[in-house]
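TrEMBL annotations:
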- 24-47: region 'Disordered' (REGION)
- 355-380: transmembrane segment (TRANSMEM)
- 507-527: transmembrane segment (TRANSMEM)
- 565-584: transmembrane segment (TRANSMEM)
- 665-684: transmembrane segment (TRANSMEM)
- 690-712: transmembrane segment (TRANSMEM)
- 747-766: transmembrane segment (TRANSMEM)
- 772-793: transmembrane segment (TRANSMEM)
- 805-825: transmembrane segment (TRANSMEM)
- 856-875: transmembrane segment (TRANSMEM)
Amino acid sequence: MLFAHVYAVSRYACAMTSRDAASGQYQQTTGERADRHRHGRTGSRFHPFNGGRLAPPGFCFSSQADDGSRMLRFCPVLLVLMLPACGASVVIQRDAQFDVTYDDTVTSDNQTIYSYNHTVSRNKTEGVRVSVELLSESAQSPVLFVVRQKQAVLSFQVPLILRGLYQRKYQYTQVGRTLCQPPTKAEAETQFFYVDVSTLSSAGVHYQLRVSRVDSFTLQTDKKFSFNATPSQPQFFKYMFPDGVDTVIVKVNSQKNFPCSVMSIQDIQCPVYDLDNNVAFIGMYQTMTTTAAITVQRKDFPSNSFYVVVVVKTEDEACGGPLRFYPLLPDQLLDPGNRSKTLDVIVSPAINSEVYVMGMLFCLGIFLSFYLLTFLVACVENKRMNRKREGLLNADTSPAETASLLGKASVSPYEYGSFADNGSTLSSEAVTDSLASTDGNCGCMDRSLESVARSRQESLSSVEEDDYDTLVDIDSDKNIVRTKKFLCVSDLARKDKRILSKKYQIYFWNIATIAVFYALPVIQLVITYQTVVNVTGNQDICYYNFLCAHPLGALSSFNNILSNLGYVLLGLLFLLIVLQRDILHNRALERNESTALECGIPKHFGLYYAMGTALMMEGLLSACYHVCPNYTNFQFDTSFMYMIAGLCMLKLYQKRHPDINASAYSAYACLAAVIFFSVLGVVFGKGNTVFWIVFSVIHILATLLLSTQLYYMGRWRLDSGILRRMLNVIYTDCIRQCSGPMYIDRMVLLVMGNIVNWSLAAYGLIKRPNDFASYLLAIAICNLLLYFAFYIIMKLRSGERIQCLALVCILFTAVVWGFALFFFFQGLSTWQKTPAESREHNRECILLSFFDDHDIWHFLSSIAMFGSFLVLLTMDDDLDTVQRDKIYVF
């Protein structure tokens, strides 16, 4: 009866031991398994019935059955005789030494425990590394290694099986793991740990075991350390923040791109997640090919220290490498090949708070200086106009004429507060018109003040919205006027000024509405992006320049956000300049001045307001994009770029075609279609031939339709008879008689525009660039530059001149654009590639240790856009005293 009960207990213990051995890799943080050190003489026995504790030979202990039966005392000799019957193994413990290689064999009948001890100090952390190699080629079962420490347990099997994509399995017979070293409170403490080796294989499995100390386990500030890693032999090191340093940047570099690897920052706690299948569980991490960098702040680690973990991945797809073949059999083990990688790690102090303050002051100083420059130019221009007015007053002989002149030329000091129209930044229309008319050189048609006042009063009469695009009094000859061979601005400026002013103000109100509805969800989304990055630690979500990404609060790259401030400040300054011009022009209209009514390019400021608003929104949305830049939100950074390009082209066209310019509704509808195609291209355009064919066809058709609209000044119809009319024109003008185009200048522009757009469409169809959004933006910019160059050439060809201020703006803007594009094409990151490949383009900060190349692009491009807007605002100031029927349309 006693024998039967002992046999049952032994079978139960054997079953429990077999279950634990077959459970595979596990990790545990408890101090119970290493709470005391046993004498450990060679030949001492390990009994699974005694809670896993060691007992010397001949020691007997008692066990109580689950049913509360009587206590049994028995000797291990009897149990040892019975253990082989139930498959249990006899474990032999050995005292082991560091840096000694142990060759041994393990079977299911015998297990070995290697006992190590080392001294742990509170002020010094000593790394311990366990290296194992399986020498038997075909083992029936893996060998299980369990490392029991005071506060942690680490287990792994050899051969180690790691999984890749699509359930591919890779087998590694060499495994190396660094033991977690939790901090100790004692000045010095001797700790013991045990390496248990077991297997379920009935045949002997030959292995080698080596435990060594890691001398360079603790990283030093600004000192590079080199090491090797493989998927089965990861590495991690400890870093402690020195006094006075609150932020550091951890950089890991390698000379070769592959194999793909992961760099992780983890808190000082056990276990350390250092395998490909668990490295993303905690902390911050990045995939890398040749470069990885993570900025670490002391406030995120209460222990003032952290682990730098480097893991080599089993496959390279995450880093843009080739995809291995799919295994033919589900359980087929693949040869991983040579996946060893040499890496360097260095930890350097990041910038301090003084650099943050200097960066912010520098950014504010640059753009506020434009406000100061505007004020200085205003003062100089005010002084110049006062001298000119005094000279004219001294030349007058009649007191009555002097009083009349003073009455005309007197203006309030407020009128000299900003840029104005007549060749300077400050001159008011009132002073200019009075001086010019007194001098007798206005050139405007002779009209009595009564007729001017009467026409002004008529223009202020109530109108209906339906009259916006009609010529009520000249409907009969609209086609005749607009199809003349030589058109003047007066031919296309016949509509009521109040109607056109309301029409173009809609541009501003529409874009303000669009901005509000667009910006609110964008801000909400990027806040969510940043929260996800901070919570998950996955820094592959955002494509920063990690070598120059300075965090502030919850933001990961504050410098890229701050550098967009220029768009907002300069956009606001441009709005103030336009507002001043608008006020001066309205005052001139209220005084019924003939220069404002009948001379120069008709002044409509709605598009200017829309341009300034678009520039400010570009800054806001670019800042939102740089909170977490990636391919899914690149649209935020480019949407208002499309709008700026479109509004600039519309403004150029409106200057000499005020009556027939597009309405705000149709213009924004076209821009919405452009943004729609931009989103489709980003999502579906990569390598999609069908999409590129459809887009190229639409691009060419849109170019042809727009060319026809511009050539015929809108006097054509798209209906069922369009083909018949086209054939008739070809027959009469090309076959029956060879006659050239009626509007040669327009034809030259449109032919050049079609060549450029057809070439861009062919390039896109052939090359199919991955960055569709930038490709679409390039189309818009090329068309804008082409139209602007044509406008300047035709202006000079028509005998007009460019005044000094406009010429300075043109030259300054061209130079700034050149430098801006240089920094733009540096390409510090790209979401067209994987995050690891994008980090290969990362570079260090180049300005004040705070700003990188892309930040300088933000600075220069905002200044260049502001200068471009000033060019559009001032380039026709020379025409302010020229009669409109003498200003040609082109």
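Our numbering is plain: 1 for the first residue shown, then up by one each step along the chain.
Positions of Cβ are set from backbone N, Cα and C atoms, glycine also.
Curation plays no part in TrEMBL annotations; they are all automatic predictions.
Since this is a predicted model, take the numbers as computed values, not measurements.
Below 8 A, the CB atoms of the transmembrane segment (565-584) and the transmembrane segment (355-380) form 3+ pairs separated by six or more positions in the chain. Counting Cβ pairs closer than 8 Å and at least 6 residues apart in sequence, the transmembrane segment (772-793) and the transmembrane segment (355-380) reach fewer than three and form no contact.
If you look at the transmembrane segment (507-527), the same-chain residues 6 or more away from its ends with a CB under 8 A from one of its CBs are 606-607, 609-610, 613-614, 617, 620-621, 624-625, 627-628, 633, 636, 639, 643, 647, 664-665, 667-668. Remark: the transmembrane segment (690-712) contacts the transmembrane segment (747-766), by the rule of 3 or more CB pairs under 8 A. Only residues 6 or more beyond the boundaries of the transmembrane segment (805-825), in the same chain, are considered here, and those with a CB under 8 A from a CB of the stretch are 423-425, 792, 853-854, 856-857, 860-861, 863-864, 867-868, 870-871, 874-875, 877-878.
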